[in-house]
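A short write-up of the structure that comes next.
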Amino acid sequence: MEGFYSDHLSLCLCGSCPPGQLNITAHPGENITLPCQASISKPFIAVEWTRPDLTQYVFFFRGQHIVKNFQHPSFVDRVDLLDRQMKDGNLSLSLRNVTSSDHGTYECRVKEKEDRDPSRGIIQSEPINVVRLTVTGLGEFDNRWADGLVGLAVGLPVGFLLLLFVAGGFVVYRKCSKQGSYPLPAEQDDEIQI
């Protein structure tokens, strides 16, 4: 991963280079890092991680504090900077307990200087890095849930057949008990002659 950061740093320093893009695959329940490396020439006022498909941001860090206003509820208390000091331009985001709804594209942006409206929470620059997160497979909880579905799929039909068998037996028992005894087969008057 160290090679990625040094290669990416040179991309960021070139100025007009498009943002780097990285594909990451994770499984539900895992803790992962979404990497982002910025030029270290200037101090950062704010760091923002967003997903284009969400109206609320994933993570916003300003003035050495996490800003939770307008943070998407599914990311509250699950995301943080890997290094809040942002040493050497490390803006990587730690995402805990990955879920299937975390699947998507993440964009990392940085604000290097104060603008006229310091209360504005959205950074209007191009992303430094774009990370495509693919969530595959089943996590531990999902496996237990899937096992429960298999048990339910097998258990329900078997239980239903057992219930039908018991109900049918009960109907036969009631019918026979009303007649006083089990019916005997009708005698045949015609004898078979050999």
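Backbone N, Cα and C define each Cβ position, glycine as well.
The feature domain 'Ig-like' is assigned by TrEMBL to 18-129.
Annotation source TrEMBL lists transmembrane segment at 149-173.
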What is the pLDDT of the domain 'Ig-like' (18-129) when averaged and given as a whole number?
85
Under DSSP, the domain 'Ig-like' (18-129) has how many residues in helix, strand and coil?
9 helix, 40 strand, 63 coil
